[in-house]
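K.L.:
One structure, pasted below without further comment.
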Amino acid sequence: MEAQGVAEGAGPGAASGVPHPAALAPAAAPTLAPASVAAAASQFTLLVMQPCAGQDEAAAPGGSVGAGKPVRYLCEGAGDGEEEAGEDEADLLDTSDPPGGGESAASLEDLEDEETHSGGEGSSGGARRRGSGGGSMSKTCTYEGCSETTSQVAKQRKPWMCKKHRNKMYKDKYKKKKSDQALNCGGTASTGSAGNVKLEESADNILSIVKQRTGSFGDRPARPTLLEQVLNQKRLSLLRSPEVVQFLQKQQQLLNQQVLEQRQQQFPGTSM
């Protein structure tokens, strides 16, 4: 393509009267023909290697103003051709869709339309729900004697109870459950060991009495109080008094005589 542009660019230069080295070759001497051919070849090679170079750079190897004009035309033509080729390629890229590409683009657009439509329906449905929720009837507490009302109920069909009475109901159920468990446990224990309960109670009473008198098992006896100590001292002093001693001796003698009389009655032949 660039070589053809060079050939076409050389045409106008020849028409304008500027002599070309290739045109002068037949009129010149045979010795000058190789030099002119070499100069033309060098000019062509430079134009091919540097198609978009400036006017001065392209005219420097040729050394003439007439040779610079086709170079300018060649650069401009090459630039325009490249731009047109780039536009054609862009058009080809834009128009050359893969098979089914149009369908995919259309399907994407349809999906977007469906999403927007569904979003609109969802928003309208949410608005309807909010409207229905806002217009819901208020409910009253089902506990007897309570007049508390509310409009914030999750399930309209179920009965509603205020927090205070709901907690009270839960507590009552818990207490009832515990009492039932205690009664069941007590009933089974009483039916299984009715006789053992009495024995345990009597044993507990005896143990409590013994502990009160002597303290706990394994320990020393409980220390008597001050009143008990005073009473014990008075008893000892009375027992040691002479009157009490004489009285006790007389009583002992009487007992001994009674015992002897009983023995004589049982065994009349015996004598002490």
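Each residue, glycine too, has its Cβ placed from N, Cα and C.
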K.L.:
From Lys173, Lys178, Lys198, pick the one Swiss-Prot annotates as SUMO2 cross-link?
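P.N.:
Per Swiss-Prot, the residue annotated as SUMO2 cross-link is Lys198.
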K.L.:
Would you please say which range out of 99-114, 131-146, 163-178 has the annotation motif 'Nuclear localization signal' in Swiss-Prot?
P.N.:
163-178
K.L.:
Please indicate, using numbers and ranges, the residues of the same chain that are 6 or more beyond the motif 'Nuclear localization signal' (163-178) and have a C-beta under 8 Å from a C-beta there.
P.N.:
141, 143, 146
K.L.:
Using DSSP, tally how many residues of the region 'C-terminal domain' (214-270) sit in helix, strand and coil.
P.N.:
40 helix, 0 strand, 17 coil
K.L.:
Which residue counts does DSSP give the motif 'Nuclear localization signal' (163-178) for helix, strand and coil?
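P.N.:
Here the numbers are 16 helix, 0 strand, 0 coil.
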